[in-house]
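Novice: Pasting in a structure now, in structure tokens, and then I'll have a few things to ask.
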Amino acid sequence: MGMDFELLHKIKGVIECPNPDKDIRRFDANLRLFPPFIDNDLCPLTIKNTLLQSCYLRNTEWACGVAVYTGNETKLGMSRGIPEPKLTAMDAMIDKLTGAIFVFQIVVVMVLGIAGNVWKDTEARKQWYVLYPIEGPWYELLVIPLRFELLCSIMIPISIKVSLDLVKSLYAKFIDWDSEMIDQDTGIPSHATNTAISEDLGQVEYILTDKTGTLTENRMIFRRCCISGIFYGNESGDALKDVKLLNAVAGSSPDVVRFLTVMAICNTVIPIKSKTGAILYKAQSQDEDALVNAAARLHMVYVNKNANILEIRFNGSVIQYEVLETLEFTSDRKRMSVVVKDCQNGKIVLLSKGADEAILPYAYAGQQTRALVEAVEQYAQLGLRTLCLAWRELKEDEYQEWSLMFKEASSTLVDREWRIAEVCQRLEHDFEVLGVTAIEDRLQDGVPETIETLRKAGINFWMLTGDKQNTAIQIALSCNFISPEPKGQLLLIDGKTEGEVCRSLERVLLTMRITSSEPKDVAFVVDGWALEIALKHYRKAFTELAILSRTAICCRVTPSQKAQLVELLKSCDYRTLAIGDGGNDVRMIQQADIGVGISGREGLQAARAADYSIGKFRFLKRLILVHGRYSYNRTAFLSQYSFYKSLVICFIQIFFSFISGVSGTSLFNSVSLMAYNVFYTSVPVLVSVLDKDLSEGTVMQHPQILVYCQAGRLLNPSTFAGWFGRSLFHAIVVFVITIHAYAFEKSEMEELSMVALSGCIWLQAFVVALETNSFTILQHLAIWGNLVAFYVINWVFSAIPSSGMYTIMFRLCRQPSYWITMFLIVAAGMGPVLALKYFRYTYRPSKINALQQAERMGGPILSLGNIEPQPRLMEKEVSPLSITQPKNRNPVYEPLLSDSPNSTRRSFGSGAPFDFFQSQSRLSSSYSRNCKDN
């Protein structure tokens, strides 16, 4: 509706809209204006008429509107919410270990509390200097257990959470600062939005990836077409340079003109004329942009759009069309249509474009579509994206009748989308299919190498795409996603009914079980229809299939199905990573353990919703192998070391209680304990974020060592038991040597405390130094500088008379026995640890030790060998007959589900699996022959 700017302030009316909701894809409302503008007539409003909060205006300098929702009731405000925190596998393990230490702490407190009360009642009252009263208050039995609770409270290091949050923030900054992950084409750097899950990158087991814009460039190029059964561009590979097509355009061939007309105006593209006079197109999708530009190069130029009037220039003449209705594309209909009126002759025409299954079945009776079907198959085999274009002339009364229904459906506030789809179906039929377009979407640089490298790292890949099956398979072949015969084998799960899907799924499962022990890359492909049935009725069997297969291609899937597949793999306790570039990938990205968004040509929706954003798919290799692996290794050491240093000081307190009457007396004062956790032992371990057990080049060259991270071999109950034993041993060493060196010399309590604390600090320094793989200046300063700082701080306190430590450190440092004690503590504490480490490194080296030795020697490792991952067992074993039919099952399929050993099952075992080098017809005939032979 056109209106003068001066009349805007005089508008009066009502907007009928639903209550605020968080669905940013829909806005079903009506605008009712009062006279004199429109007499109580309804104007439907959709999301196309809506400006969301925080959006930017494009292609216009200003816009006038009415605020419908404000504040927290806006769609973005309600959908913003609080994102569900993601718990990493390491965080879950740390929580379990913390729980185990807490139980141990309670047991220690109870045992020592009981022992203390028993000693007090049997021995302490006999000693005159203790001065215990004969009768105490009623709570006296709780005093000693509470003392031990205070002593043992440091068993669980409270600082571990602070330390982990700090180093995780540094991990995220390392990703942001990585110059090798900057997209040189766009200058877009990588960015970590979520700073809490970096170590999960090193434990990824499944990557679920979109195709268009993720594996490919999403830079569409019009390559070939088929018009009325005639193929263009097959010889040259570029239809725009095909002489036959150029001659047909010059001769104004009716079929070609109609085909180009649909290409030019069946879209939502907006032409904009630049200052130089050139026409630029603003398109919502790259496909539409490619089609409109291709039509322009073939002299069907989309010149201007003024309100609902479109101007097309073809071979020097200008043609005008009036857009009557636009039938938007939906994932259910898989097509988009416009109803236009030719301003020259007044004819009303329906123009449609969409997927082949959404156009070809609706061709008018009698049209020969065999050549078009062959064109679709041929182009798909080449990995090209196909669209079918169609045309239908409408009668005036037919359009008017349908227009009323469409307007009514567009104005309803309940189930508007469903009502509109139903009305569109009444018009979108009896098409005259004009032809097929083929658009090339090239692979991004480095995609095949990235997938091959990550496969060596033990990571499985699933491709989730909305494209055709053949197109997806060809792209998968070209990017090393699947292997060709004889190394690889592709199995097909298809069917439109529950019975067909059941038989297909059963056949694939049996083949998977047979080939699981063979060195063969077996993958399966499933379309969205069969996937919906499988997830609904045969979820357990499909779950087993997901566990058996390292590779899957899911075609024609919806955004919700992508999220369901992620949830399926997560339910099997796999760590999943989802990567995509468009708004249809957001649900999948948010559902996965790790979401990665590519800042691509489809906008920043995926990148903003993701935990990490990168510029190109190839950066995923470095993100996982370098940043993910380093983060895992560093966090594993930091978390276990934090428990270790707290347990050492706590065990010393416990041992001291045995020579202090089990009274719960503390050997250390509160200031020393606080400084021990906050200053003396925290700084050295924080610089472990710079530690690298292997160089980046070695890690990228030998990706199979990621298996150590995936299997959690650096942080598990076994490794934690080693650190627990080390803490107990070091506490015994410090306590025994300190007691023997000073307790029998009748030293002051403060001196004994300081000697024991000094022994702990010396041991911590050597432990951190021993566990450090690559030293830098900062690490040397942190380890040895921290040791020097310990003495400087205590010298300062020893110089203050009121500190309680007056002259203690001065006296100790002047005694040779103090330094001999420190030497004995370090020698006795680190000697066995060094011996064990040498034994493991020399006689039982791991693959990582071999690489470390090669780096030190400067020699290359030609073959690292295979590292076998730990086998994954299903929580509940799925039997060969686990596929259960729904309650209202068809009796025709009873033999398949029978428990009888003589059932039809045996025929499926010998049937040939689907091979992507065979045509579907060959598959059907071959499979039926095998069934008959059996």
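Backbone N, Cα and C atoms are what each Cβ position is placed from, and that goes for glycine too.
Those TrEMBL annotations? Automatic predictions, nothing curated.
Per TrEMBL, the features are:
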type     : residues                                                                           : note
ACT_SITE : D210                                                                               : active site, 4-aspartylphosphate intermediate
BINDING  : D210, T212, D581, D585                                                             : Mg(2+) binding site
BINDING  : D210, K211, T212, E288, F329, K353, R385, T465, G466, D467, R556, K562, N584, D585 : ATP binding site
DOMAIN   : 607-846                                                                            : domain 'P-type ATPase C-terminal'
REGION   : 878-911                                                                            : region 'Disordered'
TRANSMEM : 97-119                                                                             : transmembrane segment
TRANSMEM : 647-668                                                                            : transmembrane segment
TRANSMEM : 723-744                                                                            : transmembrane segment
TRANSMEM : 751-770                                                                            : transmembrane segment
TRANSMEM : 776-797                                                                            : transmembrane segment
TRANSMEM : 818-839                                                                            : transmembrane segment
Novice: State the Cα to Cα distance, in Å, between the residue listed as 'active site, 4-aspartylphosphate intermediate' and N584 (ATP binding site), rounded to an integer.
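Specialist: The Cα atom of the residue listed as 'active site, 4-aspartylphosphate intermediate' is 9 Å away from the Cα atom of N584 (ATP binding site).
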Novice: If I count Cβ-Cβ pairs under 8 A between the transmembrane segment (723-744) and each of 97-119, 647-668, 751-770, 776-797, which range comes out on top?
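Specialist: Result: 647-668.
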Novice: Using a 10 angstroms cut-off on Cβ to Cβ distances, just flag whichever of T212, N584 is the loneliest among these binding-site residues.
Specialist: N584
Novice: Under an 8 Å Cβ to Cβ limit, what residues of the same chain, 6 or more beyond the ends of the transmembrane segment (647-668), are close to it?
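Specialist: Cβ under 8 Å, 6 or more out: 101, 108, 112, 115-116, 119-120, 123-124, 130, 143-144, 146-148, 150-152, 154-155, 676, 724, 727-728, 730-732, 734-735, 739, 743, 749, 752-753, 756-757, 760, 763.
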Novice: Could you give the Cα-Cα distance between T212 (Mg(2+) binding site) and G466 (ATP binding site), in whole Å?
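Specialist: So the alpha carbons of T212 (Mg(2+) binding site) and G466 (ATP binding site) sit roughly 9 Å from each other.
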Novice: Do you know offhand how many angstrom separate R385 (ATP binding site) and D581 (Mg(2+) binding site) by C-alpha?
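Specialist: Approximately 18 Å lies between the Cα of R385 (ATP binding site) and that of D581 (Mg(2+) binding site).
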Novice: Least buried of the binding-site residues R385, R556, going by other Cβ atoms within 10 Å?
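Specialist: Checked R385, R556; of these binding-site residues, fewest Cβ neighbours within 10 Å: R556.
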Novice: Between the binding-site residues F329, G466, R556, which lies closest to D585 (Mg(2+) binding site), Cα to Cα?
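Specialist: Checking each of F329, G466, R556 against D585 (Mg(2+) binding site), the shortest Cα distance is to G466.
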Novice: Tell me which residues of the chain lie with their Cβ under 8 angstroms from that of F329 (ATP binding site), as long as they are six or more apart in sequence?
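Specialist: For F329 (ATP binding site), the qualifying residues are R335, M336, G354.
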Novice: Between the Cα atoms of R556 (ATP binding site) and D581 (Mg(2+) binding site), what distance do you get, rounded to the nearest Å?
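Specialist: One finds 17 Å between the Cα atoms of these residues.
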Novice: When you measure from the Cβ of the residue listed as 'active site, 4-aspartylphosphate intermediate', how many other Cβ atoms are you left with inside 10 Å?
Specialist: 29
